[in-house]
Amino acid sequence: MSTDITLVLGGARSGKSRYAEGLVTASPGPRVYIATAQVWDSEMADRVARHKEDRGPGWTTVEEPLDLPGALRRHAGAGTGVLVDCLTLWLSNLMMADADVPVRSAELLAALAGVEGRVVLVSNEVGLGIVPDNALARRFRDHAGRLHQDIAAVAQRVAFVAAGLPLLLKGETP
Amino acid sequence: MSTDITLVLGGARSGKSRYAEGLVTASPGPRVYIATAQVWDSEMADRVARHKEDRGPGWTTVEEPLDLPGALRRHAGAGTGVLVDCLTLWLSNLMMADADVPVRSAELLAALAGVEGRVVLVSNEVGLGIVPDNALARRFRDHAGRLHQDIAAVAQRVAFVAAGLPLLLKGETP
Amino acid sequence: MSTDITLVLGGARSGKSRYAEGLVTASPGPRVYIATAQVWDSEMADRVARHKEDRGPGWTTVEEPLDLPGALRRHAGAGTGVLVDCLTLWLSNLMMADADVPVRSAELLAALAGVEGRVVLVSNEVGLGIVPDNALARRFRDHAGRLHQDIAAVAQRVAFVAAGLPLLLKGETP
């Protein structure tokens with residue numbers, strides 16, 4: 001069994017999705033894009049459409065706002081490249097659905113422990129600004145930070161992307 | 001023709017301006033400081049005065065809140081060191097003036113492609129906190145992130161500064 | 001006299017405290033935890049209790065929300081490991097107490113210049129989001145950024161932690 005997990009962290013418009021795509025397309029084999037975005041308004045619809053266009057052909061797109069562990073189990077596999085974009089939207093969807101985030105995060109880690117093939121997970125680093133006024137945003141930051149630490153601990157590679165440039169915090173360029 | 005472009009990213013009070021100045025003053029020749037700040041209140045006036053004092057003598061200061069591409073074309077040149085401080089204020093000024101930011105960003109990139117000499121551009125990394133509530137701030141983050149990626153792609157050097165310490169994301173210390 | 005000062009910067013839930021603890025426990029000798037947190041509500045009480053549990057036995061805990069320079073002088077010493085968690089809460093406490101933050105920061109630097117032994121200071125990087133609306137938060141960012149720069153200049157080691165992974169901006173792993 002060969003698993004290759006990469007966590008790609010970065011800020012808004014940092015180029016993290018494009019870098020993550022490059023990691024998936026660098027290998028042959030089928031490519032699956034798991035989109036966690038829930039389209040609520042035209043701003044989000046524009047973003048999703050633009051991302052899809054940027055990605056180009058050759059991808060199977062799966063929209064899965066909540067059951068990310070299940071989507072990973074269904075779509076990841078030996079010889080396949082899976083891009084999850086992104087974990088922070090998934091966490092946000094779980095919180096809006098009143099889900100138990102620590103339980104769901106543990107399910108995601110269990111799914112990652114069982115998958116084969118290449119999996120690249122994109123997530124926003126959101127904890128480097130002023131402490132937010134509202135408690136929900138603070139809980140969101142906490143959930144995201146913990147999930148990043150847990151995934152980083154099992155990942156083969158962790159990259160922080162700024163201005164389109166990756167900085168490897170763990171592992172080496174594949 | 002010899003061009004040497006550096007993008008210096010960092011947070012608030014990260015020491016990015018001081019690091020950027022050091023890159024310019026390390027070389028002989030005239031030095032031009034292009035300030036994009038628009039002074040609206042005493043807080044900003046204090047900041048500008050403090051920066052000017054920190055910089056010391058030997059600099060020509062040019063205030064250019066909007067036409068940064070023009071200022072670069074007028075002041076950059078072989079043997080000259082130009083410091084632009086900062087891109088995020090420029091973007092903010094453009095947005096307040098209802099300018100077409102992508103068009104202006106493209107003009108800046110065209111100007112950079114044509115200049116000679118050493119140019120150091122300072123900018124705030126603003127995308128690593130919680131997603132802002134208001135749409136204007138989100139657009140600002142998007143504009144800044146895209147501009148940083150575009151400049152980083154053509155720059156010889158990209159540094160991320162924290163606690164006064166540079167981390168090179170691209171290129172080497174000159 | 002042997003002093004070993006480390007500044008550990010990171011975002012919310014970045015794993016910075018755990019990393020900092022590891023630096024202290026890696027050496028033999030007594031360990032002192034200087035907590036700057038002021039417990040105002042149950043959210044903070046939970047956080048403090050969880051941190052204490054995570055830390056495990058073998059630590060003397062000192063609560064010192066305001067006189068951090070004094071606490072350092074009293075508790076640091078040759079052969080002792082001191083963990084300060086965290087500078088940003090200390091700055092926040094000083095601001096709420098209407099203290100003169102630059103004067104207090106200078107006192108902290110003077111105390112650091114005089115201590116012996118291993119001292120690890122944890123702080124939140126808070127300057128990488130959108131400029132905050134309120135002036136108090138902007139002043140807080142400025143105080144934190146300046147203090148980080150000043151401590152980084154005298155520290156043997158500066159680490160930036162993301163997703164539990166340290167990135168050394170200065171010095172080497174001890």
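Any Cβ shown, glycine's included, is placed from N, Cα and C.
Record features, source TrEMBL:
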- B:His51: active site, GMP-histidine intermediate (ACT_SITE)
- B:10-17, B:35-37, B:52-55, B:Glu63, B:Asp85: GTP binding site (BINDING)
What Cα-Cα separation, expressed in whole Å, is found between B:Lys16 (GTP binding site) and the residue listed as 'active site, GMP-histidine intermediate'? 12
Could you check the recorded positions B:Gly10, B:Thr36, B:His51 and say which one's CB has the fewest neighbouring CB atoms inside 10 Å? B:His51
On the three-state reduction of DSSP, what should I expect for B:Arg13 (GTP binding site)? coil
When the binding-site residues B:Thr36, B:Glu53, B:Glu63 are screened for a C-beta under 8 angstroms from chain C, what remains is none
Should B:Thr36 (GTP binding site) be counted as helix, strand, or coil on the basis of DSSP? coil
Between B:His51 (active site, GMP-histidine intermediate) and B:Arg13 (GTP binding site): CA-CA distance (Å): 11
If you measure between the CA atoms of B:Gly10 (GTP binding site) and B:His51 (active site, GMP-histidine intermediate) and round to the nearest Å, you get 16
Among B:Arg13, B:Lys16, which are binding-site residues, the residue with the most C-beta atoms within 10 angstroms of its C-beta: B:Lys16
Can you give me the Cα-Cα distance between B:His51 (active site, GMP-histidine intermediate) and B:Glu63 (GTP binding site) in Å, rounded to a whole number? 13
